[in-house]
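As recorded in TrEMBL, the features of this protein are as follows:
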| type | residues | note |
| --- | --- | --- |
| REGION | 1-25 | region 'Disordered' |
| COMPBIAS | 1-13 | compositional bias 'Basic and acidic residues' |
| TRANSMEM | 37-57 | transmembrane segment |
| DOMAIN | 48-537 | domain 'K+ potassium transporter integral membrane' |
| TRANSMEM | 84-106 | transmembrane segment |
| TRANSMEM | 174-193 | transmembrane segment |
| TRANSMEM | 213-232 | transmembrane segment |
| TRANSMEM | 244-266 | transmembrane segment |
| TRANSMEM | 290-309 | transmembrane segment |
| TRANSMEM | 361-388 | transmembrane segment |
| TRANSMEM | 409-431 | transmembrane segment |
| TRANSMEM | 443-465 | transmembrane segment |
| TRANSMEM | 472-493 | transmembrane segment |
| TRANSMEM | 499-516 | transmembrane segment |
| TRANSMEM | 536-556 | transmembrane segment |
| DOMAIN | 550-802 | domain 'K+ potassium transporter C-terminal' |
Amino acid sequence: MHRVDIDHERDAMEQPPSPAAEQTQLERRKGTLASKFMLVNISSNLLLAYQSLGVVYGDLSTSPLYVYRSIFVGKLQNYQTSEAIFGAFSLIFWTITLIPLLKYVFVVLSADDNGEGGTFALYSLLCRHAKFSLLPNQQAADEELSAYKYGSSGQSTSCLPLKRFLEKHKKSRTILLIVVLLGACMVIGDGVLTPAMSVISSMSGIQAATEHLSHGGVLILSCIVLVGLFALQHSGTHRVGFLFAPIVTIWLISIFLIGLYNTIFWNPKIVSALSPYYIVKFFKETGKDGWVSLGGVLLSIAGSEAMFADLGHFTATSMRIAFPFFVYPCLVVQYMGQAAFLSKNIDSISNSFYNSVPDSVYWPVFVIATLSAIVGSQAVITATFSIVKQCNALGCFPRVKIVHTSKHIKGQIYVPEINWILMILTLAVAVGFQDTTLIGNAYGLACMTVMFITTFLMALVIIFVWQKSVALAIPFLLLFGLIEGVYLSSAFIKIPQGGWVSLVLSFAFLAIMFVWHYGTRKKYNFDLHNKVPLKWLLGLGPSLGIVRVPGIGLIYSELATGIPSIFSHFVTNLPAFHNVMVFVCVKSVPVPFVPPEERFLIGRICPRPYRMYRCIVRYGYKDIQRDDGNFEDLLIQSIAEFIQMEAVEPQLSSSESPSFDGRMAVISTRSVQSGSTLLVSEEDFGISNSIQSSKSLTLQSLRSAGDDENPQMRRRRVRFHLPENPGMDPAVRDELSDLIDAKEAGVAYIMGHSYVKARRSASFMKKLVIDIGYSFLRKNCRGPAVALNIPHISLIEVGMIYYV
């Protein structure tokens, strides 16, 4: 009986499952995969939320060190009562709730640009959904970028009148750019003020615990820490980044526990101050003096902009986890505990945080506070580097050296010139003021200006990008604009008491940006109006009336169409040029990153016998132009791919069009590398192989010397060969063969060495800006050849004078 049952069960197992059973199993598998994916997504966001603590919230989390001291200064010293303390805490609570929590976490974080945040991300979104951009050499092909179409593609009729007005009037677009640049300048000002503010505030704990240490001693220690902080910037945040999150986490937990202890031990009734009733009571008691004190209250949210500005390193979900569930409650409980302590110890307001720390944990808290201040300063300095890079991409900042400090995180960069300028300015602010209250007045003005600008740009994004009704954007603008406007007006009152520093720093950087942008635009317009006529070239024939020598000539210009005047200037003075000519334009587009497969645009300028091409290399405002050493090889492969594509797709080479210039094709570098039209062979080479293709013995010796001086630059050699393809068009084969021979003969880079001068008839102000301001910046910034990683040994510069 038992054996029969076993056989019956075995037969049942061997029978194929029914369709219903298969469907059930399939659904179970799908459910299992979905649950696993959800778990991975949740764990990934939790990890990012933890990592964001060290990068994003360092500045915001150290604000309890100085907020209450900054509130009760000036005439508000006459209102140091327990009722005023309750009112101040209520103001802090509702400020943190409305602006960082409600505005940033629930609204602004949704306005990302392909995962990137900050004022430039909002400006980029606006430029892509309306014609607000003032960037030169923009093309219709840029709109085909995959990152360009991010966001809603529809068109709301309610915003059309406003859109037409802004697009029609260039002054309105200029004002919009100035507003964005002002926000950027205020962030750079933060990079000067935040380190001084945070480090001096944290170091003041030594003076509170050690009576014999003078204020001058604290200042010296603070300056030593500041110098060390800026001196370590060249190593990059990634080398010490693993320490940042644990430090800020321990700091937040510490201030939460201290705040909870003080609330229970000193005055549990402080919980009632969560009611906005105490705000009304506070202003009834203090009047105008209470309004002036808002400049201290706004320091409690200083650093909130980092949640949006650093969005590119994390995700909106991770930010929405970290702030509401960890950072927000820790800060609220800490401010509540300080208020409870101060309500019973009014005389301790001058150093409220350290006086409220229990003696048993005083020194461990001091160490963590100092480290957290350094972490917060580090995040702001890194953000300043990023802002300078983005301004440079917009053509609004002089060329500076940009070092990529991390192979894994794109946004971690180091700008040496800006780093040392920031250090000098920070030390000057620390030594000049020696008082965190005065520095806080400048710091608060800078932070609130950035937030107000974000609110303004966000209202435009709601209208033009999200395609929502103006009736929805106006309440957002009125609610947060009114709140921030009140705080901003209070900060402006304190301009004589230190606030002027923020304005001086911001307008100094804004003047630099304006002069550079103005001079660059004038130079570009000169090139645009002095292009070489294409009909003139076509009339000269394929030889162009000059001697064509072996090799490839890369002519660099900012023009995306047309022949730059430096070409005619060159051949007029030296009537010879290379067999193959490529006009290269390296430009920025209003997207954060351009995928490598969409970076190159290749086209032909004249008919095939002329061997003249155009290459446009596109970068986003957050892209880093690295010297990978393979630009020439990628360019040759891309042109070869275009030649082959042109033969297959006749519309690219149609002779019906009156002009050969302007027809471009996107050549994917990945497809070029995976399946090239040309056969590629690679070999490591020494000095002898690296110069074997040179026709000149003098050039060989020069290159040999260059290789000896820079052994790290000696790279692999890539050689191209034509595949054995009997079916290839003979004209295509001849053109590819000429391209390969030209590459073997050598590549030369031709750039304009320009001198920009104002016309004699120009106004005095224009002469001042161009002849003095712009000329000074051009002489003291990095040269275009260095910025574009052009090898100096192959560079030919053509002198040009631009009268603008």
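In case you wondered, yes, glycine gets a Cβ from its N, Cα and C as well.
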- With pairs restricted to those 6 or more apart in sequence, evaluate whether the transmembrane segment (213-232) and the transmembrane segment (361-388) have 3+ C-beta pairs under 8 Å. yes
- Spell out yes or no: are there three or more C-beta pairs under 8 angstroms between the transmembrane segment (37-57) and the transmembrane segment (443-465), with each pair 6 or more apart in sequence? no
- Query: If we call contact 3 or more Cβ pairs under 8 Å (sequence gap 6 or more), are the transmembrane segment (472-493) and the transmembrane segment (84-106) touching?
  - Reply: yes
- Query: Are there residues at least 6 beyond the ends of the transmembrane segment (443-465) whose Cβ is under 8 Å from a Cβ of it, and what are they?
  - Reply: 70, 99, 103, 107-108, 111, 119, 122-123, 125-126, 129-130, 151-152, 156, 159, 162-163, 179-180, 182-183, 186-187, 189-190, 193-194, 197, 295-296, 298-299, 301-305, 308, 472-474, 476-477, 480-481, 484-485, 487-488, 491-492, 494-495, 499, 502-503, 505-506
- Message: Mean pLDDT for the domain 'K+ potassium transporter C-terminal' (550-802), rounded to an integer?
- Response: 78
